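**Student:** What TrEMBL records for this protein is below:
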type: ACT_SITE; residues: Glu183; note: active site, proton donor
type: ACT_SITE; residues: Asp316; note: active site
type: ACT_SITE; residues: Glu437; note: active site, proton donor
type: ACT_SITE; residues: Glu461; note: active site
type: BINDING; residues: Thr546; note: Ca(2+) binding site
type: DISULFID; residues: Cys380-Cys413; note: disulfide bond
type: TRANSMEM; residues: 12-30; note: transmembrane segment
Amino acid sequence: MTSCRVRETHVVVLGFIVLMCICFSSIFYLPKNEETILGLELHAGRPGARHVNVARDQKALFEKIEKANIPPPPLPETVKESEIIDIGTSTPEGKRNKIKEMMKFAWDGYRQYAWGSNELKPISKVGHSASVFGRGDLGATIIDALDTLWIMGLKKEFEEGRKWVEMSLDLKNNARGDLSVFETNIRFVGGLLSAYALTKDSMFLRKAEEIANLLLPAFDTTTGIPFSLINLQTGRASNYGWASGGCSILSEFGSLQLEFDYLSNLTGNPVYSQKIDKINSVVAQLEKPEGLVPMYLNPHTGKWGSRDFSMGAMADSYYEYLLKTWLIEGKKNKNYKQWYDDVIKAMENKMLYRSKRDKLQYFANLKGSRVEHKMEHLACFSAGMFALQAKNEASPSARKHYMTLAEEIGRTCHESYARSMKREINNPFAEIGLGPEAFQFLNENEEAMTSRDKYYILRPEVLEGWFYLWRMTKDQKYRDWAWDMAEALEKHARVGAGFSGIRDVYASSPDHDDVQQSFLLAETFKYLYLIFDDDSIKLDEWVFNTEAHPFPIRK
């Protein structure tokens, strides 16, 4: 009996030893990267409760391994960023691949940490929403990114976005508070129409029409000039109180033509084009002070507000859409080109200056009769606009004049970037190489002066100008400048889960604002990619809306 018990004891002990050996051996078969253990299903949306519990258990196991002083398996070999640059970025194809990687990194961070939110806070790794989207989660980044993903050949990511649009995009029920009519149009309607144009997937067209219909109550004013804001749940529309006594804003009501006319063209429903025709009728009949178009218009009285004029904020895309509407309709509607020519000539006469120090050309702002010698980053889009105009002018002298102007503005805007690398500015150690929100020309000073102006929020307008200038001239410097910008973004704006704005481009090290704007994926990465790809989105076949969503030219 005693010997049996001893044998049983030996068997139990032996079994326990074998079990421990198996457990110990299994450690070495764990995934080789802690991120693999903890990362869950990166491409499967926000993880559910079951996945969270698995992650918690796996994390606890990993911590136990560390406390037991058992070394984890070695991390897998990965390609370092410097090696990516060394491998292939000396060629246009290599640069495209790097920009595609940057786009995918931004998308993956958004997908993992903010899926369905409007934007991403890439340091905090949570969702973010600017006031233009109201208070609801509307997936603005998804809509803005769709055509860029398609153009870059990121089809898996595109299909992720498409599925979300089909199953979850519902502004009527998900929007909260007041939305910007302008931003909803250029990002949502424009992004969906562009996705339709590229894929011919009718689901995108249906969704675009649904959203455009939600915006229509904003046009129910005495004049037909739409309000700036709308509550999609109540249908109530209004204007910003700060906008010259409640006026509508030129760049907003003047930047609806491309999307609304294209929607009528696709659906056969004339209501969208009719809204645009009414706006054009009102603006065409108004007197233009010295040929200029003020930034504010009262939608009730049909009279101009304060006499403020700009090539930048609150006016910019009005001029852009006059030219591009003429182009997208096959140059058939001469009114748009005439309106464009008239206002541009007036702006050249009244607002175009050359700096004292370095003879840089720029468009100043006018506040009544006061000249504000300041050019905004937003106004740098005009380099591209003038290059596009030059390409389509019939007169050789007009082509030469506007191409020269485009190149001059492109050079000025490049200087705003280059000078955040220069040693002679206030901080001798500045090296960020990205441009400020605005830069002033005051005697010998030619840089941003205020903390607000020193900001860079991942804007595309300077790059947009270089894109058009490259396509028109094939001057290598525009590609070089674009690549300098790509490297600056990679070095200074790339953070934990995406890309962040920078509060002071003259600082020795970046102070990030922790916001990845949706237009980074819609515009900045798209223009960066296309400047190194001459075969995609040819400018005699496509026109970009002001959020860089391409629509086909109607011959």
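Any Cβ shown, glycine's included, is placed from N, Cα and C.
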**Student:** Express the distance between the Cα positions of Asp316 (active site) and Glu437 (active site, proton donor) as a whole number of Å.
**Tutor:** 15
**Student:** Select the most exposed residue of Cys380, Cys413, where exposure means the fewest other Cβ atoms within 10 Å, treating these as the disulfide-bonded residues.
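**Tutor:** Relative to the other disulfide-bonded residues in Cys380, Cys413, Cys413 has the fewest Cβ atoms within 10 Å.
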**Student:** Distance between Glu437 (active site, proton donor) and Glu461 (active site) at the Cα atoms, whole Å?
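**Tutor:** Rounded to a whole number, the Cα-Cα distance is 11 Å.
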**Student:** With Cβ-Cβ distance below 8 Å and at least 6 positions apart along the chain, what are the contacts of Glu183 (active site, proton donor)? List them in sequence order.
**Tutor:** Val132, Phe133
**Student:** Which one is it: of the recorded positions Cys380, Cys413, Thr546, whose Cα lies the shortest distance from the Cα of Glu461 (active site)?
**Tutor:** Cys380
**Student:** Sorry to bug you, but what's the C-alpha spacing from Cys380 (disulfide bond) to the residue listed as 'Ca(2+) binding site', rounded to the closest Å?
**Tutor:** 13
**Student:** Rank the active-site residues Asp316, Glu437 by the number of other Cβ atoms within 10 Å of each Cβ and report the first-ranked residue.
**Tutor:** Asp316
